[in-house]
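Participant: The following block contains the structure, expressed as structure tokens.
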Amino acid sequence: RAANMAASSNTPGEETRVRKRRAASSKPEFGLSKNQTDGEGEEVKNEQSGAFPLQPGTYWLTRIALLRSIAFIYFVAFCVAYNQNKQLIGKKGLLPCKQYLNDVKRYVGGKINLDALSYTPTILWFLDWTDMDRNLDNIALVGLGLSTFVLLTGRGNMIIMTLLWILYHSLVSVGQIWYSFGWESQLLETGFLGIFLCPLWSLQQVPRDSPPSRIVIWALRWLIFRIMLGAGLIKLRGDHCWRDLTCMDYHYETQPVPSPISYYVHRSPWWFHRFETLVNHFIELIVPFFIFLGRRMCIIHGVLQILFQVALILSGNLSFLNWLTIVPSIACFDDASLGFFFSSRGGRAKELVTTIQAQDASGQKPVPTLGTLVRRVVNISLGLLIAYLSLPVVLNLLSSRQIMNTSFNPLRIVNTYGAFGSITKERTEVVFQGTHSPDHAEPTAIWEEYEFKCKPGDLRRRPCLISPYHYRLDWLMWFAAFQTYEQNEWVIHLAGRLLANDSIALSLLAHNPFEGRKPPRWIRGEHFRYKFSDPGGIHAAQGKWWIRKRIGPYFPPVSLAGLRKYFEARHWPHPDI
């Protein structure tokens, strides 16, 4: 009776205020935190915690994850550039970019014009060439700064992402063979799409007026589809070992830079290697089509591709290629599937996205502004451009003469990809050796070996695990080992630098046997065949990860005096002591 009397004592005005409070609490408000109160001290329940969980079909959180992922790859790439560009393409580099730009300039008629910019799109054309090393460092440092900001904050706009793309494009365009691999074009294509993920000016993580474009999301899915399908088709059309399921018998031992795990997985049973090859074909040839089979299958595609790339990361050092391939796979996930990765604290991105979804569900979408309409036109134009540039790529995928890792346009916006279309069955290595002996032909001459950062050399040195970082010289030495030094003239350039104990060139190596001593009088290249030792075998018991057998000389002994004319003919500065 007391409760009924208390209830009946409410005045009509109080009942009206209660109804208003209840009505107000049912309306979603942008940015309302979990424990916020309304104007009369009543606590208001946040939609995220109860009635409005994250719904599928939006990509606000996906955009944050994509921006951070792209920024991470940019950060690694610019870090590699800052640490190695001076040695590789700087003033005293093995292939100086200034000389390359001069050659391009002569080729297009001696002027820096649109032809030169189209042939080699780089901002270095507009910088002072008297200190090219500083130019290369500054490009890398600005790129490191911008990518660090986006990586740490998850915030970006079209201006920042465009600058990152231009800066890295400027390095790739003059990088010559050091930047000639598929992951460079893949990063540029991924970074180009990242530009259109962002608002023009705003640095908000969840800018209400700039929702993520579904066209860009599908462009990223189209990218991962082409990457994986291209890799699968080039294998079927390439080395027969992919068809008879024996490629994995060799891959771990002969890949460019093996990891410690490669050593053990190489000795797996034959049936396991056959199973690996079948899984590879399934992931690269069948799974990509999951993208077009609805949300759940698209998510399954993303999960399988990411797990596949993680396995590749652990079993080899393929630069940042596998890390980069994970990035477009993230576009397979929407906000609902990524929500558990984000904090549920009030005012964070996850809560803001929940509020936006609630507003959209209740018909409270904002009125499109002029900027929103312009952005839609830009996104549609982007979709049409990608469709047009994809025509030669699709024709290449369908061709029996498929080529991999090729760009059909100078800006590398849409490219064709592929990896390991053929597998080397034997591992060969070039070992640099130097001696103080006046006569290199003396039987008593003592030859001492140089060690590279990561590639096999010392038999007792454990294989390294450096991915996503990348030693460009070590990678190119793998190619040089199954070619000739005439096809890789930079090898002789490196030998000349070592003859002078050049600190710039030596910074690319792990061990200089002549450190603190006079430079060697002679340098030679020896050619060896390398094989993994057998775990538990006699060589492994001696601490040897590798066993090797000499094939013969790779290049003959050379001296500084003997290289003078060779250097002059190629316009390389002679490394006089």
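Each Cβ is built from the backbone N, Cα and C atoms, and glycine gets one as well.
Remember, TrEMBL labels are computer predictions, not curated facts.
So TrEMBL has the following annotated:
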- 1-13: compositional bias 'Polar residues' (COMPBIAS)
- 1-49: region 'Disordered' (REGION)
- 60-82: transmembrane segment (TRANSMEM)
- 139-167: transmembrane segment (TRANSMEM)
- 179-338: domain 'Lipase maturation factor 1/2 N-terminal' (DOMAIN)
- 187-203: transmembrane segment (TRANSMEM)
- 215-234: transmembrane segment (TRANSMEM)
- 278-294: transmembrane segment (TRANSMEM)
- 306-331: transmembrane segment (TRANSMEM)
- 377-398: transmembrane segment (TRANSMEM)
- 413-556: domain 'Lipase maturation factor 1/2 C-terminal' (DOMAIN)
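Thinking about packing and proximity, how do these listed features fit into the structure?
Facilitator: Among residues of the same chain six or more beyond the transmembrane segment (187-203), those with a C-beta under 8 A of the stretch's C-beta atoms are 63, 66-67, 70, 73-74, 77, 153, 155-162, 164-165, 168-169, 172, 209-210, 212-213, 215-216, 219-220, 223, 320, 324, 327-328, 371, 375, 378-379, 382, 411-415.
Within the chain, the transmembrane segment (215-234) has long-range Cβ neighbours (under 8 A, six or more residues past its boundaries) at 59, 62, 66, 186, 189-190, 193, 196-197, 280-281, 283-285, 287-288, 291, 298, 305, 325, 327-332, 379-380, 382-383, 386, 390, 393, 397, 402, 404, 416-421.
Within its own chain, the transmembrane segment (278-294) has Cβ neighbours under 8 Å at 221, 224-225, 228-229, 231-233, 235-236, 242, 245, 248, 300-301, 304-305, 308, 332, counting only residues six or more beyond its boundaries.
Sequence-distant contacts of the transmembrane segment (377-398), counting only residues of its own chain at least 6 positions beyond either end whose CB sits under 8 Å from a CB of the stretch, comprise 196, 213, 215-216, 218-219, 222, 226, 229-230, 233, 406, 408-409, 413-416.
In the domain 'Lipase maturation factor 1/2 C-terminal' (413-556), the DSSP tally of helix, strand and coil residues is 31 helix, 40 strand, 73 coil.
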Participant: Using a Cβ cut-off under 8 Å, which residues of the same chain at least 6 positions beyond either end of the transmembrane segment (306-331) come close to it?
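Facilitator: Here the qualifying positions are 59, 62, 65-66, 69-70, 72-73, 76-77, 181-183, 186-187, 190, 217-218, 220-221, 223-224, 227, 252, 255-259, 261-262, 265, 283, 419, 454, 464-470, 475.
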